[in-house]
Amino acid sequence: MFKRVLLKLSGEFLSGPAPDGSAGFGISPDTTAQLARLITDALTGTNVELAIVIGGGNLWRGARNGKGMDAATADYIGMLGTVMNAMALQDAMEAAGQPTRVMTAIQMAAVAEPYIRRRAIRHLEKGRVVIFGGGNGAPFFTTDTTATLRALEIGADVVLMAKNKVDGVYDSDPRKNPDARRLDSLTHIEVVERRLEVMDATALTLCMDKGLPIVVFDLFQPGNLRRLLEGERVGTLIESERRPERLSHDPSSHVPR
C-alpha cells in the first residue's frame, strides 16, 4: 500500500462531455460533485495521504485560446484556470466530507494558501487532501511537470495519471490497430524510446532521473482508485526497472491513449 500519492487530474474531468461527445467546457457542479465523491469514497478508510494537481484545459488552452497572445501571458491565464478548478474541487470534496486545502504557486492569499512545501506535508500528515493550483508559478511548464515536481517535493511514492476511458498504455493505437495490446509494465526509458504518450518530456525526464513511478489508469472504472491506493496493480506501471511484463489483449478494453 502507498503511504503518500500524487493524483494528476485533467481539468476536463470537471466539465463533463459536450453534447457531441467531445470534451466539454467550463465547470459542471454535478460532474465536479461526482468526481469529488469518487475520490473521497476511494480514500475513506485508508491511511493514504493524497495530493492532487488538476489541469485547466476545461477553461483555457494556450495553444488554442491564446493565438496571437504573448506566450507567457497565455500560460499565466491557464495557471489561473487551474486555481479556479482547484477551488471548485475543494468545495465539492468538503461537501462530501473530506477536509482539503488549496495551495497555489502564485500568491492569492484571499482565496488560497501560498505553496510552502513543509506546510503542505503537514496538511497531508493531518489527513487533509492538498490540491495544488497555479502550476509551478512559471510559464512554459505543463501541469504534468507540476505534478511531477510537487510529487518529488512532498515525497510521494507515485504519480497516478488519471484518465477517462483509457485503461493504460498500449503498444500501438488501439483505434487503428485491433491487435493493440495494453502494457502492464514499462520503464521510463522505454516510454521515451517508444515515444509513448504518457506525459510531456520534461515531466517524464524528472520521473526517470529521480526514479519516481507513474501509474496510468482509468479513474472512472469502478473501484480502480481504491484498488490502487490499497497497493493493487491497475493500469500500466512505469518505473525505473521493469517487472515481468503481462500483456493484456481484451477487445472490450481497447480504448485510445
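Each Cβ is built from the backbone N, Cα and C atoms, and glycine gets one as well.
The ATP binding site feature in Swiss-Prot is assigned to Lys8, Leu9, Ser10, Gly11, Gly57, Arg61, Asn164, Tyr170, Asp173. DSSP assigns Asn164 (ATP binding site) to coil in the three-state reduction, outside any helix or strand.
Residues annotated as region 'Involved in allosteric activation by GTP' in Swiss-Prot: 21-26.
A 10 Å cutoff on Cβ-Cβ distances gives Asn136 (UMP binding site) a total of 21 other Cβ atoms nearby, all chains included. DSSP gives Asn136 (UMP binding site) a coil state; it is part of no helix or strand. According to Swiss-Prot, the UMP binding site annotation covers Gly56, Asp75, Asn136, Gly137, Ala138, Pro139, Phe140, Phe141, Thr142, Thr143, on the basis of sequence analysis.
Apart from Gly56, Asp75, Asn136, Gly137, Ala138, Pro139, Phe140, Phe141, Thr142, Thr143, the UMP site neighbourhood in this chain, defined by C-beta within 8 angstroms of the site C-beta centre, holds Gly78, Met79, Gly135, Thr145, Thr146.
By neighbour count, meaning other C-beta atoms within 10 Å, the densest spot among the binding-site residues Lys8, Ala138, Asn164 is Lys8.
Counting in whole angstrom, Asp173 (ATP binding site) lies 28 from Phe140 (UMP binding site) by their C-alpha atoms. Mean per-residue pLDDT, taken over the region 'Involved in allosteric activation by GTP' (21-26), amounts to 77. Take the binding-site residues Gly56, Gly57: by the count of other Cβ atoms within 10 Å of each Cβ, the lowest one is Gly57.
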